[in-house]
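**Student:** OK, TrEMBL features for this one:
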- 1-11: compositional bias 'Basic residues' (COMPBIAS)
- 1-26: region 'Disordered' (REGION)
- 16-26: compositional bias 'Basic and acidic residues' (COMPBIAS)
- 35-55: transmembrane segment (TRANSMEM)
- 67-85: transmembrane segment (TRANSMEM)
- 106-126: transmembrane segment (TRANSMEM)
- 192-210: transmembrane segment (TRANSMEM)
- 219-244: transmembrane segment (TRANSMEM)
- 264-289: transmembrane segment (TRANSMEM)
- 301-322: transmembrane segment (TRANSMEM)
- 417-439: transmembrane segment (TRANSMEM)
- 460-481: transmembrane segment (TRANSMEM)
- 487-510: transmembrane segment (TRANSMEM)
- 531-550: transmembrane segment (TRANSMEM)
- 579-603: transmembrane segment (TRANSMEM)
Amino acid sequence: MRLAIKRRASRGQRPGPDEKRARDMEKARPQWGNPLQFVFACISYAVGLGNVWRFPYLCQMYGGGSFLVPYLIMLIVEGMPLLYLELAVGQRMRQGSIGAWRTISPYLSGVGVASVVVSFFLSMYYNVINAWGFWYLFHSFQDPLPWSVCPLNSNRTGYDEECEKASSTQYFWYRKTLNISPSIQENGGVQWEPALCLTLAWLMVYLCILRGTESTGKVVYFTALMPYCVLIIYLVRGLTLHGATNGLMYMFTPKMEQLANPKAWINAATQIFFSLGLGFGSLIAFASYNEPSNDCQKHAVIVSVINSSTSIFASIVTFSIYGFKATFNYENCLNKVILLLTNSFDLEDGFLTASNLEEVKDYLASTYPNKYSEVFPHIRNCSLESELNTAVQGTGLAFIVYTEAIKNMEVSQLWSVLYFFMLLMLGMGSMLGNTAAILTPLTDSKVISSYLPKEAISGLVCLINCAVGMVFTMEAGNYWFDIFNDYAATLSLLLIVLVETIAVCYVYGLRRFESDLRAMTGRPLNWYWKAMWAFVSPLLIIGLFIFYLSDYILTGTLQYQAWDATQGQLVTKDYPPHALAVIGLLVASSTMCIPLVALGTFIRNRLKRGGSSPVA
């Protein structure tokens, strides 16, 4: 638009009203202090908890090092092109998601609305993770760590029964942190301690977004860089832990047969898609505060490469910790078996070792068959491979597996503080992007911004999210958290990004968009970006959409994992009807925004056309 105004003025013509308004908006719109702030904002948003607790899980599930092959291919054909597309749209239109897509076509306003709805859902539950991070951080200063030992029972004659059946880390998570109910149907009351932590988390977010890009631009330096400092410290510590090499060998040993597994490719594409934060509108919002001449192509490549490199780097750290934990548990298991056999058969202390254990077991079984048959049910089957094969993701990895490893480290309080501080920085960085996706369209709206200042809009958004988020601090809150985490965004984001690519390439026009980019940045659009946008990426998204839709249909009755305190483990249960209704509403409320807004725009235009038709 700036170029159009300059050309019109050079020909001696007066700018039209639309161009005047565009020029005024460009002058008034806040901007990043420098391009580095924008890059750090994108990195802080994209590099989140999924890099630390989702990617290592996928490596573990789908062949270790061989998973990097589909992952890097999907980065090239899906991740970088779609990230560049969103950054280019935001920088070209200089508006939030709703305004940007309305500028391309009034019928596409629903794409922006859907992005805002999904971001609102995400903000409601995502900040609960930060609340849990605060909870664990505060408890990390205790000596010993509260999850390192089981508490005594009410009679103080032994350990708590639930904790003994589970483990001290599981007990602290499910009982002390969540105080979880047996099922989703038993909601219970709001837990005041998690509720206070959630309030603190939202207060932190509000302070970071209070002044818009002015305050966010300064905060992102810290939220983007601090996690890397902690990861480097953890890497040095992890590589010096006993058994770390076992974990690293497990990660880097490729299982090439997994390349023939279609789920490995689907999960690689999904991880790239969601880890970059595509479809939420956050990237469009961030890019809208750029100078029009900013080289967003270079920044898209930088952010994509840093995001994927961080996932691989975090996996090296995670698998070194995995190796330590697995080796510790394996050796602990062997020591218990050795102690059992030594006491049962009156063996000499030190005679039975890990190296001769199997040989001695065979000797005892053949020499004392009756006695050995009595002891045999109590002998555990110890296996390092099975310990390494235990795949955990999400909150289970962050708050159970990692805490299990941390409690066995020397100076465990220090490592606990560092770890949960890193989680908070990752979570806060992502929250800045989530809230920007909601706030930018609201502050762009003249109707809203004419009545409320930016600080008040930010405060209301945080207050509403905090109030609704209290649902996740109830006794059944973790079950509702899983519902939002599993169903609030997956199908919706795939549909949003599919419509975005079609809108740019076939509604706005790829040649027209290419011309806009050349005018803004002075750089031509090469064949790679055009091929990815027009054909490869849309086909890939359609494939993912069909897979997830068919997976939901073929699954049948949807199920969830409930905590059974009597067994000290998770059990599978069917979702009740009201939970299934909520799942349906979550999916429909965002996806239906696109056709409903388009239909509303069509009807409004027909009514205007009918009302303005001349009377014969």
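For all residues, glycine too, the Cβ spot is worked out from N, Cα and C.
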**Student:** For the transmembrane segment (487-510), give me same-chain residues lying six or more residues beyond its boundaries with a C-beta closer than 8 angstroms to one of its C-beta atoms, as numbers and ranges.
**Tutor:** 82, 85-86, 89, 101, 104-105, 108, 111, 114-115, 117-118, 121-122, 125, 273-274, 278-280, 530, 533-534, 537-538, 541-542, 544-545, 548-549, 552, 583, 586-587, 590-591, 594
**Student:** Take a look at 35-55, 192-210, 301-322, 531-550, 579-603 and tell me which one has the most Cβ pairs under 8 Å to the transmembrane segment (67-85).
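**Tutor:** It is 531-550 that shares the most Cβ pairs under 8 Å with the transmembrane segment (67-85).
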**Student:** Under 8 Å, at least three CB pairs between the transmembrane segment (35-55) and the transmembrane segment (531-550) (pairs 6 or more apart)?
**Tutor:** no
**Student:** Are there residues at least six beyond either end of the transmembrane segment (460-481) with Cβ under 8 Å to its Cβ atoms? List them, or say none.
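**Tutor:** For the transmembrane segment (460-481), the far contacts come to 120, 123-125, 127-128, 131, 178-181, 183-191, 194-195, 198-199, 202-203, 205-206, 209, 395, 435, 438-439, 442, 452, 560, 562, 579, 582.
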**Student:** Return the stretch with the most CB pairs under 8 A relative to the transmembrane segment (219-244), choosing among 264-289, 301-322, 417-439, 531-550.
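**Tutor:** Between the candidates 264-289, 301-322, 417-439, 531-550, the best contact partner of the transmembrane segment (219-244) is 417-439.
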**Student:** Please determine whether the transmembrane segment (579-603) and the transmembrane segment (106-126) are in contact (criterion: at least three Cβ-Cβ distances under 8 Å, sequence separation 6 or more).
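**Tutor:** Yes, the transmembrane segment (579-603) contacts the transmembrane segment (106-126).
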**Student:** With CB pairs under 8 Å as the measure, which of the listed stretches 106-126, 264-289, 301-322, 417-439 comes out on top against the transmembrane segment (192-210)?
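**Tutor:** So the stretch in question is 417-439.
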**Student:** Determine which residues of the chain contact the transmembrane segment (301-322) at the Cβ level, with the cut-off under 8 Å and only residues 6 or more beyond its ends counted.
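**Tutor:** Tertiary neighbours of the transmembrane segment (301-322) are 39, 42-43, 46-47, 51-52, 55-56, 59-60, 68, 71-72, 75, 79-80, 83-84, 228, 231, 234-235, 238-239, 241, 244, 247-248, 250-251, 271-272, 275-276, 388, 397, 401-402, 405.
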